[in-house]
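Asks: Below is one structure. I have some questions about it.
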Amino acid sequence: MRYILALDAGTTSVRAIIFDHDGQIRAIAQKEIRQIFPQPSWVEHDPQEIWLTQIAVAMEALDRAHIGPRDVVGAGIANQRETSIVWDRETGNPVYNAIVWQDRRTAGMCDELRAAGHDGTIQKLTGLILDPYFSATKIAWILDNVPDARTQAEAGKLICGTVETWLIWKLTSGKVHVTDVSNASRTMLFNLHTGAWDKDLLKLFRIPESMLPEVRSSSEVYGAINAVPGLAHIVVAGAAGDQQAALFGQLCVQPGLAKNTYGTGCFLLQNIGAKPVASKQRLLTTAAWKIGEKQEFALEGGVFIGGAIVQWLRDGLQLVRSAQEADMLAASVPDSGGVVLVPAFTGLGAPHWDPYARGLIIGLTRDTRAAHIARAALEGVAFQVADLIDAMHADTGKPFTELRVDGGASRSEPMMQFQADLLGVPVVRPAVVETTALGAAYFAGLAVGFWQNTASIAAHWQVKRVFEPRMPRARATELRGCWNEALGRAKNWEPKEKTLHPKKRKNNRYEK
Ligand SMILES: Nc1ncnc2c1ncn2[C@@H]1O[C@H](COP(=O)(O)OP(=O)(O)O)[C@@H](O)[C@H]1O
Ligand SMILES: O=P(O)(O)OC[C@H](O)CO
């Protein structure tokens, strides 16, 4: 029997999963990684910790499956996207922590770019909305703020990448510096129409092209692992951003098919086929994947706090000890008792795009108990997803008849039921909710001939649970009205001055 190893480097945790030929999980190992918050609204990870934890869980997964590296025909990587790392080409040492996608420190830089009128061009070229979320301003921040970094980068001594690039580079002992189209399309440096790094954007963000990885397809052999004896010779043959990987793992391979992943954040993606059609609703157009010469695109809406709100109930508020306990607490009351929680802890993503919004709990009374807050937290995630669904519906003109879901927080029964109630359509959870890893496994397996084509894996997708809507539509409309009220109050909260770029010059340096 042969297997595929999937490495899923998520925001909250890294996982390694062994899949068999039927797309079933044979073994899984997982470990949370440290979230570093050096300042309010800054979020960092330690790149060395990501690397060491990732290989530790990979070895553990092999152990648990009682197999060795020779039983593995290929490895695929799915990763948290946009999170940016800059490191020394020679020593391999990062010059700064990974700046995580949720980080808002470059909001001021984005304001300067917007004031200078660059947002329209950026959207046209990249399919993205100008926001601190994407890699470009994060890389620029490192070059501007780490002593000597810009000089070193301009001398060709520093390179950069998102998390899959970092992991492939480490796994191959610094021999392979690549990314795939789906990850490249999240940097704000990649031209969706030419399929290459865009020289004008590189100039605008002042990022030397020599730092960037080579852009490859999502399903091909990039190199063999030689840095870890326990994984030696396994070929790395697939890579994609975790959300695009989940779209593939859910077999949304025809235009019109969509999924929503409830991980740290929530990401709704719909396959739009071979053309990068622009959104009219402030959604993103993104590369879905490239297999062989076939490039496909997706429309995407993402919210920054999804399952992370449950982590905050656990670690921040210390209201519960686990995600399961949060679900039980939330399910112990029939509703939130009028409490609304807007999880804008790191601003708001699509379709609002407000980096200055902050979290809010409103509607508290003397009767409010912890259970109401827990419930409002779960509901806040579902409200954000409902806003995304509306925006996507308005963009494509096609209503959703069901919603395919996956990701860690899709295990939450109260959240999924409330989601179905709000949307008025069934929420469908497949047997494998680790679809991110499954997608990465498929990309690798297709590259090495473990699976012949997409048709040969289509039969793997199986429904496990369907949440049917139970709430009267009038009640759902009323609740969404309350949500919109609360949302309005959370917007534009953080004073702009606080997030301005530390080296902000008197004159806007992005002036045309
Ligand atoms: N039963 C559950 N109910 C609600 N949230 C959950 C549950 N299990 C996990 N989560 C949340 O899901 C997130 C982890 O999902 P995962 O798909 O592993 O995310 P990531 O890929 O971003 O690391 C965490 O934020 C966690 O709080
Ligand atoms: O870590 P996740 O699964 O929430 O995914 C993060 C996204 O890739 C950010 O764009």
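For all residues, glycine too, the Cβ spot is worked out from N, Cα and C.
In case it helps, TrEMBL gives these features for our protein:
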DOMAIN    3-249  domain 'Carbohydrate kinase FGGY N-terminal'
BINDING   T11, T12, S13, T264, G307, Q311, G408  ATP binding site
BINDING   T11, R81, E82, Y133, D242  sn-glycerol 3-phosphate binding site
BINDING   R81, E82, Y133, D242, Q243  glycerol binding site
REGION    492-512  region 'Disordered'
COMPBIAS  501-512  compositional bias 'Basic residues'
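Could you tell me the structural context for the features on the list?
Replies: On the 0 to 100 pLDDT scale, the domain 'Carbohydrate kinase FGGY N-terminal' (3-249) averages 96 in the predicted structure.
DSSP assigns G408 (ATP binding site) to a helix in the three-state reduction. Cβ neighbour count for G408 (ATP binding site): 23 (other Cβ atoms within 10 Å of its Cβ, all protein chains included).
Secondary structure from DSSP puts T11 (ATP binding site) in coil. Just so you know, the Cβ of T11 (ATP binding site) picks up 25 other Cβ atoms within 10 Å once every protein chain is counted.
Q243 (glycerol binding site) has a Cβ environment of 29 other Cβ atoms inside 10 Å.
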Asks: Who sits close to D242 (sn-glycerol 3-phosphate binding site): which same-chain residues at least 6 apart have their Cβ under 8 Å from its Cβ?
Replies: D8, A9, G10, A78, N79, Q80, R81, T261, G263, T436
Asks: If one measures from the C-alpha of G408 (ATP binding site) to the C-alpha of Q243 (glycerol binding site), what distance in angstrom results, rounded to a whole number?
Replies: 13
Asks: Just to confirm: which same-chain residues, 6+ apart in sequence, have a Cβ under 8 Å from the Cβ of T12 (ATP binding site)?
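Replies: Once residues fewer than 6 apart are set aside, T12 (ATP binding site) is near E32, I33, Q35, G263, T264, G307, A308, Q311, G408.
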Asks: Between the binding-site residues S13, T264, Q311, where is the Cβ count within 10 Å the lowest?
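Replies: Each of the binding-site residues S13, T264, Q311 was scored; lowest Cβ tally within 10 Å is S13.
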Asks: About how far apart, in whole Å, are the alpha carbons (Cα) of S13 (ATP binding site) and E82 (sn-glycerol 3-phosphate binding site)?
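Replies: Cα of S13 (ATP binding site) to Cα of E82 (sn-glycerol 3-phosphate binding site) measures 16 Å after rounding.
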Asks: Out of Y133, G307, Q311, which binding-site residues lie by ligand 1, with a C-beta less than 6 Å from some atom of it?
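Replies: Listed by sequence, the hits are G307, Q311.
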